[in-house]
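K.L.:
Quick one: the structure is below, questions incoming.
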C-alpha cells in the first residue's frame, strides 16, 4: 500500500508543478542542487539557501529517501508527523516541494493550522479521516475521506484532520514549497505572548481561563 501511495505522490508533484509560475518557490536555474555540507545555509526572509555541491559529485542516494517507513513520535493529540525537507532529503533542494507522513491514533487529531507558503495535497494511505479547511468567508469544506482518497488544502487556509475510524490512520501529504511554514492556531493564540487583556476581550475568557490555555500551549509561561 505504501508503494502505491508513492505513485500517487509522484503524480501529484507533476500536477502541482505543471505551471511553475504558480509555485511558491523561485524557479531552479539548474537540473538539481544537492546541498554541500561543507557550507552553511544562507538565510533569507522565508528560505534557507543551501549552496550546491558540484553536480558531478551527486549520487543516486541523494535522490532517494527511506525515512518514512515508520511513524514519528506521537503528541498528546494522538498525532505523529515526520516532515521531510531539503535538510534531511538533499535531492529535493530547489525543486519547490516538501512532504510529510502523518499518523493518527484512533480519535487522534491534527489541530487547526495553516501553511502560509504552500498548497497541500493529502492522500489517505489507510484509515478514515475527517478532513477539511475553512475559506476566507468562514465557509467549511469538510468530509470523511477514506483510504485511497485525496483532499487539497489551498495555500494559507486553515485546515484540520481527525481519525474517525476504529484503527490508526496514515496520511502522506505533499506541499509545493520546500519551506511551506506551519502556523498552529492554538499555539499561535495562547502560546505566543499576545496581551492577556486582548485575549480576554476577544474570546470572552477570564484571567484564570487564559492562564489555563497558556499553560497548555506554552508550558514555559508562568502566570
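Including glycine, each Cβ sits where the backbone N, Cα and C put it.
Since the structure is predicted, the reported quantities are computational estimates derived from the model, not experimental observations.
What TrEMBL records for this protein is below:
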SIGNAL    1-23  signal peptide
DISULFID  33-52  disulfide bond
DOMAIN    66-211  domain 'Cupin type-1'
BINDING   110, 115, 120  oxalate binding site
BINDING   113, 115, 120, 159  Mn(2+) binding site
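Give me the lay of the land around each of these features.
P.N.:
Sequence-distant neighbours of residue 52 (disulfide bond): residues of the same chain at least 6 apart with a C-beta under 8 Å from its C-beta are 30, 33, 34, 35, 36, 93, 94.
The Cβ of residue 120 (oxalate binding site) lies under 8 Å from the Cβ of 152, 153, 159, 173, 174, 175, 180, each of these being in the same chain and 6 or more residues away along the sequence.
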K.L.:
Please list the DSSP helix, strand and coil residue counts for the domain 'Cupin type-1' (66-211).
P.N.:
22 helix, 60 strand, 64 coil
K.L.:
I'd like the number of other C-beta atoms within 10 A of the C-beta of residue 33 (disulfide bond), please.
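P.N.:
A 10 Å sphere around the Cβ of residue 33 (disulfide bond) contains 22 other Cβ atoms.
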K.L.:
What mean pLDDT does the predicted model reach across the domain 'Cupin type-1' (66-211)?
P.N.:
95
K.L.:
Could you tell me which of these binding-site residues, 113, 159, has the fewest other Cβ atoms within 10 Å of its Cβ?
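P.N.:
Lowest Cβ count within 10 Å among the binding-site residues (113, 159) is 113.
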